[in-house]
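Chemist: What Swiss-Prot shows for this protein is this:
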type	residues	note
TOPO_DOM	1-25	topological domain 'Extracellular'
CARBOHYD	ASN3	N-linked glycosylation site
CARBOHYD	ASN7	N-linked glycosylation site
TRANSMEM	26-46	transmembrane segment
TOPO_DOM	47-58	topological domain 'Cytoplasmic'
TRANSMEM	59-79	transmembrane segment
TOPO_DOM	80-99	topological domain 'Extracellular'
DISULFID	CYS98-CYS173	disulfide bond
TRANSMEM	100-120	transmembrane segment
TOPO_DOM	121-143	topological domain 'Cytoplasmic'
TRANSMEM	144-164	transmembrane segment
TOPO_DOM	165-187	topological domain 'Extracellular'
TRANSMEM	188-208	transmembrane segment
TOPO_DOM	209-271	topological domain 'Cytoplasmic'
TRANSMEM	272-292	transmembrane segment
TOPO_DOM	293-302	topological domain 'Extracellular'
TRANSMEM	303-325	transmembrane segment
TOPO_DOM	326-398	topological domain 'Cytoplasmic'
Amino acid sequence: MNNNTLNITNQRTAAAMSQIYFLVVYQTAVMIVSLLGNLFLLFVIFRANQVMKRRVSPVQLLIIHTCVADLLFALLSLGTEILTLRTYPQYYGSNFVCKLMRYVQMFPMYASPFLLVAISADRYQAICRPLAHFRSSRYRRPNWMAAIAWGLALVLSIPQFFVWTKHSKTGRCSTIYGQNKNTVKITYVIMFNTLAWLLPSILAAVFYYCVCKAVRLSSTKSVRAMDSQKRNGKYSSGATEDYIEELRKKSKGFRQQMSEFDRKRVQTVRLTITIVACNFFLWMPFCLINVIQALWPEISHIMFINYVAILGNLNSCLNPWIYILFNRSHVRKALCRSRRSFTEVTKKRSFENFECSSTATMNNNYNNCHAYTAFSNRSQLKFDSYATDSTSLKTNSN
């Protein structure tokens with residue numbers, strides 16, 4: 001009987017160690033990919049702006065803050081968790097180190113969604129309230145939003161000092177309420193999932209709903225204004241309107257100037273919506289299972305929660321690659337060998353465009369000149385014939 005019990009215990013220990021080994025390998029891979037991706041994104045942003053001789057835009061500034069939050073998540077959250085799993089089931093740090101470790105693990109998990117809300121609020125301010133956006137400083141508002149996000153993350157992570165402790169009997173760094181159902185556990189779990197996942201997702205969704213609504217209304221108003229102008233007869237004649245429209249279609253610079261701003265604005269909105277959606281759906285299984293485990297602890301197992309948390313950890317890996325996918329031109333510019341090569345390519349393209357436009361202009365002038373010469377010849381013929389007729393009239397009269 002004792003041998004059977006010992007065998008069952010050994011089997012459970014071996015199964016637990018294999019699961020821990022899998023978690024260590026997986027989290028190490030996620031940490032490495034997240035570090036490489038976010039560092040590469042920082043290089044792309046700074047290098048592309050350096051090549052194009054531009055300052056970092058407000059949206060890029062907030063994305064840089066998000067990259068820093070993801071880097072801290074990879075180093076502080078995943079890195080310390082890997083070290084803890086390596087020494088499982090013992091924890092060799094002190095009680096204060098246990099509390100501090102759990103605090104720094106939670107800090108990036110609050111900072112990342114708060115920064116996504118800051119990006120959403122910045123886009124709402126720029127598109128839905130453009131006058132207030134241009135009156136305020138271009139970089140002061142994003143800096144204040146980022147500072148508020150970091151400050152809230154620091155404050156809301158403080159309960160970790162009271163929830164976690166190192167137990168003297170087991171020697172583990174675990175929560176004070178354990179695995180059983182507890183009022184403190186339910187309150188803390190619901191508070192974390194509401195503040196770090198649900199509330200930021202709702203705020204970002206509200207901001208982007210207002211942004212999409214404003215874009216749709218502005219396009220509808222522009223169409224209605226054009227229709228009303230046509231009805232009131234404010235446009236020129238049909239021939240003149242067709243001529244102007246044809247010139248606009250032929251003008252490459254006009255098309256680029258009119259579409260560049262709208263394209264960048266829509267692209268930025270799509271980028272941030274994609275990042276917010278990924279954050280919501282990747283953390284949703286972990287947050288829901290965490291709440292279920294707090295309310296009904298007998299249903300789920302702790303290792304099952306660890307496996308579900310795998311999806312949430314992927315968020316720090318996907319964010320930089322989403323930005324790179326939406327800004328492939330920046331990546332190409334950042335990967336140029338030098339600024340000189342990029343400048344030479346730009347000058348070459350500009351020279352080719354200038355040459356083509358100059359050729360077209362010369363052809364245009366030549367055609368106009370040819371038309372004017374033909375018109376002058378016809379006028380000269382008419383004048384000569386008129387002069388001949390006048391001479392003959394004078395001769396007849398004499």
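Positions of Cβ are set from backbone N, Cα and C atoms, glycine also.
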Chemist: I'd like to know the mean pLDDT over the topological domain 'Extracellular' (165-187).
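Modeler: Across the topological domain 'Extracellular' (165-187), the average pLDDT comes out at 86.
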Chemist: Per DSSP, how many helix, strand and coil residues does the topological domain 'Cytoplasmic' (47-58) have?
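Modeler: Per DSSP, the residues of the topological domain 'Cytoplasmic' (47-58) fall into 6 helix, 0 strand, 6 coil.
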Chemist: For CYS98 (disulfide bond), just count the other CB atoms lying within 10 A of its CB, please.
Modeler: 21
Chemist: Report, as numbers and ranges, every residue of the chain located at least six residues beyond the transmembrane segment (272-292) whose Cβ falls under 8 Å of a Cβ in that stretch; write 'none' if there are none.
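Modeler: Sequence-remote neighbours of the transmembrane segment (272-292) are 59, 66, 112-113, 116, 119-120, 123, 189-190, 192-193, 197-198, 200-201, 204-205, 208, 299-300, 304-305, 308-309, 311-312, 314-315, 318-319, 322-323, 326.
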Chemist: Between the transmembrane segment (303-325) and the stretches 26-46, 59-79, 144-164, work out which stretch tops the count of Cβ pairs under 8 Å.
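Modeler: By Cβ pairs under 8 Å, 26-46 leads among 26-46, 59-79, 144-164.
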Chemist: When a 10 Å sphere is centred on the Cβ of CYS173 (disulfide bond), how many other Cβ atoms does it contain?
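Modeler: Total other Cβ atoms inside 10 Å, all chains included: 22.
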